[in-house]
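Have a look at the structure below, then the notes.
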Amino acid sequence: MKSSVIAYALVSIAYASLAVSQLVLPNLFKQRSLSVNPTSEHQSPIMNEPNIALPPSNSADEPSEGAGGVRISDVIGKERAINIFAGFTRDIETTSRRLDDTAQNTTVIAPLNSEIQKLPRKPWEDPREYDALGATAYDGPEGEDRAHRNMRRFVEAHVIPVSPWKEGEKVESTGGGKVWWEGKDGKRIVQPGDIEVSSVASRVSNGEVWIVKGVLNYA
């Protein structure tokens, strides 16, 4: 009799353990999945941060093909080598809107950071204004207006309102200067100025971004 009672007790304990495991384990898995999902939901790609420039991919060798929905404004900031100029384009409202518009095709001639850094003056400076107004030429609201006007002139000299842009086709930039390109020794050279195209960084739905080893005339 005693052994029967013990056996019955062991069976009862086993059933109780099984019932507990069936209740607890699903809840554990539920809690685990809940603890993981919120993190993934709150993660966002780093490229969504407007002030962070991503290192370039191998897009210089394999430019991305034009795709519906992807615009120049989406890709120009991803190229670390031209992130100075990319920032300038965001500061000029007319250019920023154009690069975001899939109804307007554009070729952006984007100077390398190193080319902008070695300019004899900042893109928003004009020596004639220093001559006329002195060292305070860009102080105060009026000075800021002058600087913005000069920056707009610099940016628009590098924005070509066509894409595809055919060799030898002379086009007015959005700043008004006449620009074209020609092939020399297997390279694309933008004229005037013999500006070599380092690579075509991106091809998207509303145009292309060309990285260049120089700066077009913007005076």
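In case you wondered, yes, glycine gets a Cβ from its N, Cα and C as well.
Keep in mind that this is a model prediction, so the values were computed, not measured.
Database features, via TrEMBL:
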type: COMPBIAS; residues: 36-46; note: compositional bias 'Polar residues'
type: DOMAIN; residues: 69-216; note: domain 'FAS1'
type: REGION; residues: 36-69; note: region 'Disordered'
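Averaged over the domain 'FAS1' (69-216), the predicted model reaches a pLDDT of 96. Under DSSP, residues within the domain 'FAS1' (69-216) fall into helix, strand and coil as 58 helix, 38 strand, 52 coil.
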